[in-house]
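The block underneath contains the structure these notes are about, expressed in structure tokens.
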Amino acid sequence: MLYRFSRFISKRPLIGLLTCIVTALIFSIIPSILFHFPDFRDPKMGFEARGTELAKRLSAWNLLLEATRPSGPLTSNPDDETSVNIMNNGQVKQYRSSFLGYNKNKTKEQKEQPIIPLDQDELDNTTPLPTEEVPYQEDDGFGSHHKEVNWTAIMELGRDDNKGGGKRKNGKHKNRIYADENGDEEENKNQDKQSSSTWRRQHESYFCGPPSIDYSHVVISSTNGSDLLSLSSIMATCQIQEYLTSPKEYKSLCQTKGDREFTECCPIWSLPNYIAQLNKKRTCFDITEQDIRQTKKLLETCAFDFAAKKDEYLDCEVDSLYPCQQNCTVYNILHFITEKNYLFPPKEKPQLRNAIVFLPLAKSSALLDYYKNIISVGKLEKNHVTITAIDFGLKEILFDDLLLHDTWLIAAGAGSIVLFIYLYTSSLFLTGIIILTISQSLGVSYFFYTCVFNIQFFPFMNILAIIVALGIGSDDAFIVFNTWYNASKETTNVSSIDLYYTVLKHASIAICVTCVTTVAAFLTSIDSKITAVACFSIFASTTVVVNFVLMLLMLPSAIVLSERMRSISVFNIESLLSGYVDTFLSLFTEAVFRLKYFWLIILSVITAMSAVIVLYNPTLKLPDTAEFQLFTSDHLFEQYDFKYKNMFFFETFEMPEGQLQDYAYKMPLRFVFGIIPEDNGDRLNPASNGELVLDPKFDIASDKAQVWLKNFCKRVRAQPFYQSTQGPMLSNCFIEPFVEWMKVKCIDPVDQQKKFPCCEKYGFPYPKKVFNTCSVRFTNSLYKTPSSFFTRGITGPKFSKVHNDPQKDKREKPKVRAIVVEYDSNVSYTSSYIKIRNFYSQVESWFHEELKTAPASLKNGFFLSELNFYDLQDALQKDTINSIIVSIIVALIVLMFSLMNPVLAIMAIVTISSIIFVSIATLVLLGWKLNVLESVAICLVIGLSVDYSLHYVHNYKMAPDKSSRKNRVEYAIKMMSGPSLMAGLTTATTGAFMLPSSVLGYVQIGTFLIIMISVSWIYANFFLLPLLLVIGPVHGWAQFHYPDWLCSTFSCSYGGDDKTRIESETTSVTNERNSDMRESRELDTISGKRVSPPLSTRNQSPASVETEAGI
């Protein structure tokens, strides 16, 4: 087979080359016709775990939430067919809407908030914030210090009764101008219309409602450590505000005031503007030192009460117990504008270092031009105040934009590869064919990925396959070309067909072994629980295989054509570089031979230290935030997400360490029954969520299930991880309030209404029919309960919508198909893997024991909490460790069978393991954390680290003279030093060109390539070669051979002392060779010039170039 292919390319090289090119081109075009080009506008898509036990539960929970929407098959309130089910996406969103003060649906009247100005005389009578931290007392509450404060003075702060502007009437309406005691809103509105427009803008509705997380915002910081609540800082912030509002895009994008009389942009929510309004100043430029002192005193006075009564501050109720809550400005400044550490913990002289400025610009892709405008001008700093972070909601949009913009860096890297290949081959034609082969390997791989494997999701990580193709493709090309040149030196009595056969046989084995080991390393991640990693594993493996096939099919034909065309070359590179190459090879060989023990000791110590770094301390740490970094760390978007975001109350669940932990968001204890935790969607497609699977055995109406569930709720509250909730929460455990509700009289003594059968006539547990009927009535009554006691849609029973199915009897009553029990735990939300793992393990093990006593209808229940990020962390850690171990084992097996020498295989594995440890240790020292991109990078280390080491041991085995280690190592250096050096330079240069990018993915890829290639090349040359010089096998020691019957089927390759095996192997094609001898020699005569020698062997005499006798 191989000989027939050699004969074909010797006779028809052009036909063979064009056929491969056209076929590969067709395969590359088909996906572009059938599918859309990959969209990377959501680069984080696929960065979640799929297939883990937790992932299945999270998927089932999300499907349950979808199923209880108005269009879903389930409902939380079966009696309310026309109501909209306001199912929240988990406890987190509910928390954000209440605790963080986030509400999208505020009306215009609700958004109008009065700004109560300050009065210096009244502030002088108030008591400032204590400078020592007040210990938390459970009985008195965090704000117990309020008794020491002059609340009467605060209640009257800055109210101007003459103008009436600051005065608010009593009422219960939130965040609005309050009606009078009789509820006469119209009268108040008429009074407002009679007020002057200037006064109205400055006082009642100066700001367009409160700040919101949906508005774009920037962080301003002090560069010299000064207080932002100083006059100079306030003035500098005002100038920055003017700059932010100056671009022309601002006026077309900003939110305007609703009143027809005023169409200007809403004011910016900032510290200077709040101070100006509190102190009755027209603009922030009119602020004085006295105004700042008054504002600071107000904030310090109300700080503790704000921390303890945050939820009440949301309402800003006038008749509330604590007067600080009457002033919404206090809440807005402390919650949205100033950093948490400003007043927490209390300090003697608090200094504000960071604050936020909210712009009346809704986060959207429309802000991209505005962002580019303010960044391009670069006026982000005034005096000692500067913009240090930005959140415009543009992160993914800008990433997609820069991903294409920075492709010129990849193009520059590709240009450097072209240069290196040309330097090595001295042929523009061969250089073009090699680049075309690498490019088409990616196109054909994409065809198999989309059309054959039918994978619909193409993550951003798959772009890394370009690096795989460039690295392995150039390496394979250099090996084929080097093999060709060395084999062509022996021209005596060897026809062109035999020469082609020799080159193909030797090169195919060399690059096939690296192909198999690399593919095996990548395929170890195919079972990864992270969708993006699994997709990359498939695409990268396919790329390596396709590259191997195309390289063997196209490059030999191209070399034959290049030889016959007298190889097109622009100038004679040989004469220019040959002297330098000879000097390098001489010095390199001397360094390996003379300093072999030095290299072994030094690199062994480095390997040992790297193993300690990777396995013991500091180790490759897991990510500590759910945010995925897209840009470099100094980018303003990343500065906000990773440095400043958690500094402000409105953005974070976590409180400052050791402070106010009683007010932090608690991990929920969520127990779900009636749903099978199953993910039946496409694991390789994040958009495929599958369908909800109901538990066919679930029956909460059975006597045993009712009793067990009621006792279960009691046992939950008795556990050490449970935290009691202040006040009754009827939705926590459905069965308990249901039992109390059933104790009513069968005939109401007041209105004489009949309650039967839902009354005291039946005792607990209830008959099935009674339970099914009364559970519906009870749920309907719950939905009429005030929201303070009942959380709609999240917990409780979920009923089937049988009345929506025309094929079923409408008179059939809905049944409970699932039930959710939820309590708060005493564990605060955190991104710490260890803390959440301990919490999950404790609750999961306890619940597992509880299910052993549950009836069969409830045994499929499962526990869930806010564990998405923990599941990702856990999957990353386990998958990465497993892939490293499995890939090393697979590489060892492949090396054993390819080399048939266990000693050489073990040496190669030791070298490869050292490369992996040193590369990962370097990444650890650079501060990398084990996120999705880093996991893929480690997969690349495993896949690409085998090349150089494997080629060296393969050539050591194939050396003609096996009598001494020195001769065998010299042969390996002669055959591989040039290809390995050029391949390393091409890959490392490509990485270097990617470093200037602002896209973190490009920077990390470039950094990783430089590290990995450098470490791999150093260890292959200065660790493996000295190791072979010291303990490498000689003669035929530990060398096994393939069976004769296998060699008769496949082309086996042996060393110089196995000529008899080569002769017996090739007897089957002797007649074909004799018949083609004359034609082959005629072709040799036509060839006017052999291919130019590669850099590694130029200026060597033919006698000095040893070739393998049987190759």
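Glycine is no exception: its Cβ is also placed from the backbone N, Cα and C atoms.
Sequence annotations record features per position, and here TrEMBL assigns compositional bias 'Basic residues' to 165-176.
Residues annotated as compositional bias 'Basic and acidic residues' in TrEMBL: 1073-1084.
TrEMBL lists 1094-1104 with the feature compositional bias 'Polar residues'.
Looking at the domain 'SSD' (442-561) alone, the prediction's average pLDDT is 85. Sequence annotations record features per position, and here TrEMBL assigns domain 'SSD' to 442-561.
Feature annotation from TrEMBL assigns region 'Disordered' to 119-144 (among others).
The annotation region 'Disordered' is assigned in TrEMBL to 158-201 (among others).
Look at TrEMBL and you will find 1061-1111 (among others) tagged as region 'Disordered'.
Per TrEMBL, the feature transmembrane segment maps to 14-35 (among others). Residues of the same chain lying 6 or more positions beyond the ends of the transmembrane segment (14-35) and with a Cβ under 8 Å from any Cβ of it are 8, 433, 436, 440-441, 443-444, 446-447, 450-451, 550, 553-554, 557-558, 561.
According to TrEMBL, the transmembrane segment annotation covers 402-423 (among others).
Residues or ranges marked as transmembrane segment in TrEMBL: 461-484 (among others).
Through the fold, the transmembrane segment (504-523) approaches residues 2, 5-6, 472, 475-476, 479-480, 483-484, 487, 537, 540-541, 544-545, 547-548, 551-552, 556, 883, 887, 890-891, 894-895, 898, 939, 942-944, 946-947, 950-951, 954-955, 958, 1051, 1053, 1108, 1111 of its own chain, all at least 6 residues removed from its boundaries and within a Cβ separation under 8 Å. Feature annotation from TrEMBL assigns transmembrane segment to 504-523 (among others).
Annotated transmembrane segment per TrEMBL: 530-555 (among others), in sequence order.
According to TrEMBL, the feature transmembrane segment maps to 597-616 (among others).
What TrEMBL records for 880-897 (among others) is transmembrane segment. Beyond the transmembrane segment (880-897), the same-chain residues lying 6 or more positions past its ends with a Cβ under 8 Å from any Cβ of the stretch are 513, 516-517, 520-521, 524-525, 528, 620, 904-906, 908-909, 912-913, 916, 930, 935, 938-939, 942-943, 946, 950, 953.
Annotated transmembrane segment per TrEMBL: 904-926 (among others), in sequence order.
Sequence annotations record features per position, and here TrEMBL assigns transmembrane segment to 932-950 (among others).
Counted over residue pairs separated by six or more positions, the transmembrane segment (1007-1031) shares at least 3 Cβ pairs under 8 angstroms with the transmembrane segment (597-616), which defines the two as touching. Within the chain, the transmembrane segment (932-950) has long-range Cβ neighbours (under 8 A, six or more residues past its boundaries) at 47, 461, 464, 467-468, 471-472, 475, 513-514, 517-518, 521-522, 524-525, 528, 530, 532-533, 536-537, 540, 544, 620, 628, 876, 879-880, 883-884, 887-888, 891, 895, 908, 911-912, 915-916, 919-920, 923, 976, 980, 983-984, 1000-1001, 1004-1005, 1008, 1012-1013, 1015-1017, 1019-1021, 1024. Remark: secondary structure over the domain 'SSD' (442-561) totals 99 helix, 1 strand, 20 coil, with classes taken from DSSP. Residues 40, 43, 430-431, 434-435, 460, 466, 470, 474, 477, 573, 577, 631, 982, 985-986, 989-994, 996-999, 1001-1002, 1095 of the same chain sit 6 or more residues outside the transmembrane segment (402-423) yet have a Cβ under 8 Å from a Cβ within it.
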